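Scroll down for the structure; my scribbles are underneath it.
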Amino acid sequence: MNIYFPEHLVHLTERVQRCLLLANRYGFDIDNVRLSVSRQPWFVVKNRDDVLSITTDLFEYVGGNHNHQAIDLFIRYRHDNANDIDKRIKTSVAINLFDNEKFYDTWSLPQSCNAIFNLTSLADSQAHFCWLITLLALDFLLEDAIVIARGMDNVSRETWPIHIDDFPKVEVKDRKLTGWLPNCNHSDFLLIDAEKFRLYPVVDSVDWLERCLKLGVKTVQLRIKNQHQSDLEAQIIEAVRLGNQYLVQVFINDYWQLAIKHHAYGVHLGQDDLNTTDLEQIQQAGIRLGVSTHGYFELLRSIQISPSYIALGHIFPTSTKQMPSKPQGLVRLGLYQQLVYSMMSSLNTPERFVPTVAIGGIDLDNAAEVLRCGVNSIAVVRAMTQAKNCSSIVSQFEQIMDKDIVLQKEYCDAE
C-alpha cells in the first residue's frame, strides 16, 4: 500500500507516520504501507488492485483547478461554497457541518447518503484529514474511516477510540428505523439464551438443520439464498417445528414476514435488509433479531436498534457468500468486541446482555484465536457442511469453546 503526498504538503508525512505508529501499537500491520511524494496536486492511496485519488479544501492548491475527472474523493471542511463542488468528483464528504446543535459528517455513495454527528466541533482538522488518509491506507471502508477519524478527535493523542462514548452517533434517516433511535420510546428485542449461543451453524436446508440439532447444537440459522425456491415456506415451517421440538434457538435468515407468520424463534438480517424491514412488526411479534455487521459504522448503527445479538464479520476470507467488505481479521474483531462491551457497561443494566457471534471462514484451526477476541459464539458454514464427520466436528468445536470459557473465568478471577 502506498500513500502519495503532493510535493508542497510533504510535511504531512510526519503526521501520517505518527498515525500509522499508533495503529501499529493497537495491532494493525503497517509494514507494507509506504509514504511517497508525487507531482500530482492531490493525495493518492494505492494498492495492487485499487487507486484512490483524494483532494480537500483544507489546504491550498490541493486539486485546485486541475482535472477533477481524476478525483475519486473530495473531503470538504469549508462549507461556504457547498454549491461549487465539481459534479465529476465521484464521492464528496462534508466534515463538521453544523446544524441543530450538532456537528455532522456526511457522505454520499451510489446506494445511500449517510451521516454521523458529534455534539462538539472538530478540534483539529489537519489531524482529522491525516487520520482519514491513514485509515483508508489500512483498508478501512470510507464509512468506517470517517467514523474512526471522528473518534480520534474525541480521545487523547496516543489513544485508539474504544468506548462507545468516544464515537460519534450514526444518523438514521430511514423511515422504518427512525423509531429505533436512542431515547425514543421503543422496547428492546427479546434476549436470547446466551448459554445456548455457542457453536452457531448456518445451513441451507432443514435436512442440515435437523442433523445439527440431533448432534446437540442449540442455535442454528436457516439461510436459503433462493427466494423463489418452491418449498421455501415449507422449509421455514419445518425449521420452526424442529426448533420447538428440540427446544433450541432457530433463526430464519432474511424472510422476516414468513418468520412472523409461522412464529419463528428469531430472524437474522443483513444491513441492507434493515432498510426494507418493519422492525416494529418483528419486535411486537416477540421474535428475536440478529444483525450482521461488517465494520464500525454498521456496528454503531446496529447498536441503536437493540438487537438480540450482533454478528461480526467476515473475519477470514470466505466463498460462501458475496461480501461487501474485505476480511476483518482478528485485530479489528477484538476492537469491535471492546466497543460492544463498552456499550453494555454504559447501559448500567447487566440483564441487557447483547452477545456477539463471529462469522466468516472460521474452522477448527482458527476458532480458538477468534474466541480469544472475546466473542460469545462462532458461526460456521463450510466447517460443518463440508465435514466428513459432523459429530466429530461439533465435539471438537465444543471442546475449544469449553476451554475458552475456563480461560475467561480464570482471567476474570485474576482481575
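Cβ coordinates are placed from backbone N, Cα and C, and glycine is handled just like the others.
Annotated features, as they stand in TrEMBL:
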type	residues	note
DOMAIN	204-383	domain 'Thiamine phosphate synthase/TenI'
BINDING	Gln221, Leu222, Arg223, Ile224, Lys225, Asn253, Ser292, Lys321	4-amino-2-methyl-5-(diphosphooxymethyl)pyrimidine binding site
BINDING	Asp254, Asp273	Mg(2+) binding site
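Sequence features annotated in TrEMBL and their locations in the structure.
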{"residue": "Gln221", "record": "4-amino-2-methyl-5-(diphosphooxymethyl)pyrimidine binding site", "contacts (Cβ under 8 Å, 6+ apart)": "Tyr200, Pro201, Val202, Val203, Val250, Phe251, Ile252, Asn253, His268, Gly290, Ala379"}
{"residue": "Leu222", "record": "4-amino-2-methyl-5-(diphosphooxymethyl)pyrimidine binding site", "contacts (Cβ under 8 Å, 6+ apart)": "Val203, Asp204, Ser205, Val206, Leu209, Gln235, Ile236, Ala239, Val250, Phe251, Ile252, Asn253"}
{"residue": "Arg223", "record": "4-amino-2-methyl-5-(diphosphooxymethyl)pyrimidine binding site", "contacts (Cβ under 8 Å, 6+ apart)": "Val202, Val203, Asp204, Asn253, Asp254, His268"}
{"residue": "Ile224", "record": "4-amino-2-methyl-5-(diphosphooxymethyl)pyrimidine binding site", "contacts (Cβ under 8 Å, 6+ apart)": "Asp204, Ser205, Leu232, Gln235, Asn253, Tyr255"}
{"residue": "Lys225", "record": "4-amino-2-methyl-5-(diphosphooxymethyl)pyrimidine binding site", "contacts (Cβ under 8 Å, 6+ apart)": "Asp204"}
{"residue": "Asp273", "record": "Mg(2+) binding site", "contacts (Cβ under 8 Å, 6+ apart)": "Asp254, Trp256"}
{"residue": "Ser292", "record": "4-amino-2-methyl-5-(diphosphooxymethyl)pyrimidine binding site", "contacts (Cβ under 8 Å, 6+ apart)": "His268, Leu269, Gly270, Gln271, Glu298, Ala311, Gly313, Ile359"}
Across the domain 'Thiamine phosphate synthase/TenI' (204-383), average pLDDT on the 0 to 100 scale: 94
Where Asp273 (Mg(2+) binding site) sits in the secondary structure, as DSSP reduces it to three classes: helix
Other CB atoms within 10 A, centred on Asn253 (4-amino-2-methyl-5-(diphosphooxymethyl)pyrimidine binding site): 22
CB contacts for Asp254 (Mg(2+) binding site) [other CB atoms within 10 A, all chains]: 19
